[in-house]
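Below are the features listed in Swiss-Prot for this protein:
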type	residues	note
BINDING	Cys15, Cys18, His19, Met81	heme c binding site
MOD_RES	Gly2	N-acetylglycine
MOD_RES	Tyr49	phosphotyrosine
MOD_RES	Lys56	N6-succinyllysine
MOD_RES	Lys73	N6-succinyllysine
MOD_RES	Lys73	N6-acetyllysine
MOD_RES	Tyr98	phosphotyrosine
MOD_RES	Lys100	N6-acetyllysine
Amino acid sequence: MGDVEKGKKIFVQKCAQCHTVEKGGKHKTGPNLHGLFGRKTGQAPGFSYTDANKNKGITWGEETLMEYLENPKKYIPGTKMIFAGIKKTGERADLIAYLKIATKE
């Protein structure tokens, strides 16, 4: 498990421009991530996803996020997420640790 505080910094630097995490947070360029863990791809209510995201059919968890966040366009070809990814495993683990707490129902 990663470091939550480091993960929060990574979120602010690399994710917060397009995503919110709090319950009832608005969608930006990307969807609000509240309730992310255990949800299938392309399922945040009220967000317009590509067919690629809707049809991927995986459930978000530590393992799927670890793979996705390394290279989003490789993991879901056709996603509109323009983020290049986080190459360092430790940074991805930190971000996931933060997301696990910040997006919890």
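Placement of Cβ uses the backbone N, Cα and C atoms for every residue, glycine included.
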Round to a whole number and give the Cα-to-Cα distance in Å for the pair Cys18 (heme c binding site) and Lys56 (N6-succinyllysine).
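Approximately 21 Å lies between the Cα of Cys18 (heme c binding site) and that of Lys56 (N6-succinyllysine).
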For Cys15 (heme c binding site), which DSSP three-state class applies?
coil
For the heme c binding site, please report the maximum Cα-Cα distance among Cys15, Cys18, His19, Met81 in Å.
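Roughly 11 Å, rounded to the nearest whole number.
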Write down the Cα-Cα distance for Cys15 (heme c binding site) and Tyr98 (phosphotyrosine), rounded and given in Å.
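Approximately 12 Å lies between the Cα of Tyr98 (phosphotyrosine) and that of Cys15 (heme c binding site).
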Write down the Cα-Cα distance for Tyr49 (phosphotyrosine) and Lys56 (N6-succinyllysine), rounded and given in Å.
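Here the two Cα atoms are 11 Å apart.
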Can you give me the Cα-Cα distance between Lys73 (N6-succinyllysine) and Cys15 (heme c binding site) in Å, rounded to a whole number?
16
Take the Cβ of Cys18 (heme c binding site) and count every other Cβ within 10 Å, whichever protein chain it belongs to.
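So the number of other Cβ atoms within 10 Å of Cys18 (heme c binding site) is 14.
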Whole-number answer please: how many Å between the C-alpha atoms of His19 (heme c binding site) and Tyr49 (phosphotyrosine)?
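Checking the Cα atoms of His19 (heme c binding site) and Tyr49 (phosphotyrosine) gives a distance of 14 Å.
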Could you tally the C-beta atoms, other than its own, that fall within 10 angstroms of the C-beta of Met81 (heme c binding site)?
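Excluding its own Cβ, the number within 10 Å is 19.
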